[in-house]
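Enquirer: According to TrEMBL, the signal peptide annotation covers 1-21. The annotation domain 'Inhibitor I9' is assigned in TrEMBL to 28-102. The domain 'Peptidase S8/S53' feature in TrEMBL is assigned to 126-581. Annotated active site, charge relay system per TrEMBL: Asp135, His194, Ser524, in sequence order. The domain 'PA' feature in TrEMBL is assigned to 349-439. Marked as domain 'Subtilisin-like protease fibronectin type-III' by TrEMBL: 638-738.
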Amino acid sequence: MAAFRIASLSLLLALVAAVEGAGDERSTFIVHVQPQASHVFGTADDRKAWYNSFLPENVRLLHAYHHVASGFAVRLTRRELDKMSAMPGFVAAVPDRVYKLHTTHTPRFLGLDTRQGGRNYSAGSGDGVIIGVLDSGITPDHPSFSGDGMPAPPAKWKGRCDFNGRSVCNNKLIGARVFDTAVSSLSPIDEDGHGTHTSSTAAGAVVPGAQVLGQGRGTASGIAPRAHVAMYKVCGLEDCTSADILAGIDAAVADGCDIISMSLGGPSLPYPEDSIAVGTFAAAEKGIFVSMSAGNSGPNYTTLSNEAPWMLTVAASTMDRLIRTRVRLGNGLCFDGESVNQPDAASTVFYPLVYAGASSTPDAQFCGNGSLDGFDVKGKIVVCERGNDVGRVDKGAEVLRAGGVGMILANQAIDGFSTIADVHALPASHVSYHAGDAIMNYIKSTARPMAQIMFRGTVLGTSPAPAITSFSSRGPSLQNPGILKPDITGPGVSVLAAWPFQVGPPSLAGEHSGPTFNFESGTSMSAPHLSGIAALIKSKYPDWSPAAIKSAIMTTADSTDRSGMPITDEKGTAADLFALGAGHVDPDKAMNPGLVYDITPADYIGFLCGMYTDKEVSVIARRAVDCSAVEVIPDRLLNYPSISVTFPSSWNPMNPMVVTRKVTNVGEAPAVYYPQFDLPENSMNVTVMPSSLRFTEANQVKDFKVTVWPRTSGDAVVVQGALRWVSDKHTVRSPMSVAFAGH
């Protein structure tokens with residue numbers, strides 16, 4: 001008994017010590033502080049010295065924020081943080097969070113190139129605009145970042161180039177800095193490829209002879225080839241932290257960037273806890289346009305990243321180009337798919353066909369690493385299923401390792417018709433769910449299933465295009481349902497752009513000389529397209545606010561595909577607004593929108609005061625905010641280019657909901673606009689007043705009011721459509737989403 005008591009006492013003391021010691025481990029926090037109104041900082045060093053006054057002894061700042069947050073990043077124990085929180089000026093501390101990267105035919109597809117290959121200069125080329133890209137680094141010696149023929153950067157540029165003494169920046173790549181505290185390398189060199197790809201998509205120089213293993217051959221160009229690029233390396237090979245991202249935004253603002261492009265994100269968070277939202281609010285307040293990827297967690301609803309109304313949230317869609325392959329079965333049936341690796345070897349040979357899921361190994365159908373051990377695939381074509389967090393290219397690598405000669409990558413039902421052109425390690429074909437289902441039925445129907453994979457190369461003019469791809473994250477926004485998100489869609493599937501190194505199987509090394517490019521897919525690819533388009537608009541209208549540029553992009557977007565039919569999703573059905581946003585970007589129309597919906601920084605403060613406490617709004621605003629002295633703006637009443645209304649179940653069915661907006665004439669004068677609703681027949685009762693908007697001069701502002709009446713039925717339903725203001729020369733389209741809760 002005594003021995004038991006001694007052991008129990010020892011265990012108790014050990015547990016107490018463990019609990020007490022838990023507060024001694026340091027974690028990274030972003031600490032928000034605010035000085036007294038009388039405290040004025042003469043220099044950045046003065047502010048940093050004040051930040052240091054909060055720190056315990058022997059603790060150093062990771063980052064000091066000067067422009068987009070009032071505070072700093074630091075590693076603290078819980079005890080140290082508790083002590084700091086009692087100090088005058090402390091406002092809040094947010095744990096450092098990990099974000100993920102959301103991983104040249106598009107200029108022509110977007111109407112920016114002529115069919116003869118020249119530039120359509122009616123939309124401009126982004127002259128004089130600086131795009132700051134926050135990503136994994138850049139490849140400075142790639143010809144996409146050549147400074148040949150580029151003018152010097154604007155005089156306002158204050159950035160620097162940190163390539164360890166190498167003088168590699170030029171008039172195209174004007175800056176490169178490192179903020180990734182998780183890696184030992186202090187070089188902005190891209191070791192991943194993601195940042196090189198996104199930067200060249202937004203503003204890469206014109207490079208003839210671009211191709212990937214012979215596919216997609218042509219002249220590569222960024223959307224804004226005359227814009228300048230600055231890289232802020234905030235990500236390693238996979239992850240990015242909120243402390244580093246905030247430091248990158250802070251530097252981009254200080255350096256003089258006009259556009260910030262970020263292809264990364266994380267889970268939906270309240271804005272005071274979301275460092276990306278905090279940093280980009282300050283950027284937008286200072287006149288900087290922010291383009292963000294929506295995320296790759298679709299097609300389920302409420303999967304968006306980057307939802308704040310001061311940023312452009314970009315979904316991903318296809319273009320009219322396929323890198324086509326064809327699967328022929330032993331019974332003669334054929335199914336088209338995609339793959340970049342299309343070897344010249346004869347593809348007329350039939351091979352035995354086997355389904356990876358026939359293995360006894362759990363989840364072998366997804367062809368994860370080692371999953372095909374002990375399963376006979378040697379000399380066979382293997383059917384693998386998409387998904388289960390196994391990379392598409394990794395599946396082919398597993399088939400090759402196990403002795404397979406080819407792979408058919410079959411979608412699951414959730415991915416429908418959405419396929420992707422990847423650089424697989426062996427002959428492969430990525431096919432739709434319906435094709436995969438037919439292939440599986442064939443395998444089950446015969447004792448000796450056979451198949452061959454044939455190569456059809458690059459095919460242009462395919463349809464439907466554009467179409468929303470399955471991985472593109474969907475709304476509605478969890479943080480603000482009254483703001484319709486995503487905002488817009490752009491090309492994000494099988495996008496060809498610059499890459500740091502050769503891709504493809506080692507056996508093909510040296511077969512294709514010249515600059516290195518790669519096909520990549522993700523909202524990571526669509527966001528820089530929109531960054532480039534924003535640069536085109538900014539170059540033409542340098543005094544426009546970020547909200548005005550966003551409005552021009554959204555209200556001129558296309559809701560139909562190239563054949564005039566509604567843009568579809570991965571199921572082949574009409575895409576809803578939670579997938580599509582305002583539609584597919586049309587750069588040429590965006591250059592001349594007619595009317596814009598503008599929003600001031602004060603409007604955003606009123607919007608935030610409708611959601612958060614004074615303290616929380618102060619974190620975002622970087623100053624003390626008293627919401628009782630601010631005109632609160634409900635989310636549905638923010639002057640946004642789209643309209644989103646939700647009737648709660650408690651709403652009085654006799655009362656309508658009213659939405660007000662104001663538009664600024666940036667087109668011709670005089671001009672008269674008349675309203676038209678595009679809504680499903682008998683779906684709801686909605687009116688707009690006045691019955692016309694008459695403008696007699698440029699920059700004149702007019703108000704209008706939309707009244708939506710509740711449905712009398714008891715069914716919960718979402719009705720979507722659009723309000724169009726139409727003049728002789730312009731159509732200004734605002735998507736509308738109205739949700740009726742069940743009664």
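Backbone N, Cα and C define each Cβ position, glycine as well.
Curation does not apply to TrEMBL; its annotations are automatic.
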Enquirer: Count the Cβ atoms, other than its own, that fall within 10 Å of the Cβ of Asp135 (active site, charge relay system), considering every protein chain shown.
Expert: 28
Enquirer: For the domain 'Subtilisin-like protease fibronectin type-III' (638-738), DSSP counts of helix, strand and coil?
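Expert: Split by secondary structure, the domain 'Subtilisin-like protease fibronectin type-III' (638-738) comes out as 0 helix, 57 strand, 44 coil.
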Enquirer: Using DSSP, tally how many residues of the domain 'Inhibitor I9' (28-102) sit in helix, strand and coil.
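Expert: Split by secondary structure, the domain 'Inhibitor I9' (28-102) comes out as 17 helix, 27 strand, 31 coil.
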Enquirer: If you count, for each of the active-site residues His194, Ser524, the other Cβ atoms lying within 10 Å of its Cβ, which residue has the minimum?
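Expert: Checked His194, Ser524; of these active-site residues, fewest Cβ neighbours within 10 Å: His194.
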